[in-house]
Amino acid sequence: MSKAGSALRLDGDGKPIWVLLELTYQCPLKCVFCSNPMDFDRYRDNELSTEEWKGVIRDARKMGAMQIGFSGGEPTLRKDLEELVAEANDLGYYTNLITSGIGLTSKRLAALKEAGLKHIQLGFQSSDRDTANRLAGVESFDRKLAIAKEIKAHGFPMVLNVPISRHNIVQVPEIIDLASELGMEYLELANVQYYNWALLNRDQLLPTREELEWAEAEVNKARQRLGDAMTIFFVIPDYYEGRPKACMNGWGSIHLTIAPDGSALPCSQARTIDTLAFPNIREHSLEWLWRESPTFQKFRGDGWMKEPCRSCDERETDFGGCRCQALLLTGDAANADPACSKSPHHHIIQQAIGESAISDGKAGSLIARQGGYRLGREAT
């Protein structure tokens, strides 16, 4: 099965075009919308070694991977980051660093440039210092601002990624102005996706439809004003779209994530589906993981689909939506994504929107990322 209008194979017989290496789940920030697993601290002592990561990089390239992202947590906490970037660069990858900026210095940026790093995505919480520090859980705004300027000074192409929630959506015009002042080529205003910590804080984070419409109008004004000087992406949460996102262009189609412990994931949130056993590169070849493992086969194609997805004429466009979101909100990963208005579980999304609208949205109610946190009990 291929996506309509695309020559790419999306059935798993193709290539893992985009590979994301989550080098570590450790991070100096405590973001209230963190997408890392809520039990992230259990992976601390089981991270892949430098040589193991190099093996992944080489094997993925042999399979046809073209782009590679170094992510986390905070990937700069790995002292071997430059070595891994150099390995990927030598093999011909387009290399991208996805970072909070905390841990970067002018010296380290120079070393990454020398290693062949092609692009940096810098996470930013807000244009307002107090808001940014509150959402990050630590005082980080000034450091991030300084490192953004350093990144530009070293000549890296760069995208500023700002997760949008009700706590910073009113600052969208100021965020755009800040990105423009910093000389960004790209600005991504990505509404928070509700998994893990973000799902825990959803009632306090989800904007209203009116806020989203206002923000999108402001983005369109800025696009007209700035022209080609800066490209602005505005990603609306699928809670309001009526149709699900085509998550990763389909399960195990072109995207491969390797977690810090070597587990292979069709997407970075796949561990949410705790009924699946995710294969590990310490036990199997990457080729086998991608092409033959039961986990990667589980939701490929459309044979797994239930109604209404099975007979839907949009199934080759959205692939049934997000399997992780289906599990989190309905209890069954094979159900239609409840973000879809055709889903029999769409009322769950509508209820979440209603509950968020009547919550006070106070930042003091937010639960920051923390080690040892489990739903239903205090952190340990």
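Residue positions begin at 1 at the first shown residue.
Every residue gets a Cβ built from N, Cα and C, even glycine.
From a predicted model like this one, the values you see are computed outputs, not experimental measurements.
What TrEMBL lists as [4Fe-4S] cluster binding site is CYS27, CYS31, CYS34. According to TrEMBL, the domain 'Radical SAM core' annotation covers 13-228.
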For CYS34 ([4Fe-4S] cluster binding site): DSSP state (helix, strand, coil): coil
Protein Cβ atoms within 10 Å of CYS27 ([4Fe-4S] cluster binding site), excluding its own: 23
Take the mean position of the Cβ atoms of CYS27, CYS31, CYS34, the recorded [4Fe-4S] cluster site. Which other residues of that chain put their Cβ within 8 Å of it? LEU29, LYS30, PHE33, SER35, ASN36, GLY73, SER100, ALA136, GLY137, TRP197, ARG369
Whole-number mean of pLDDT values that fall within the domain 'Radical SAM core' (13-228): 95
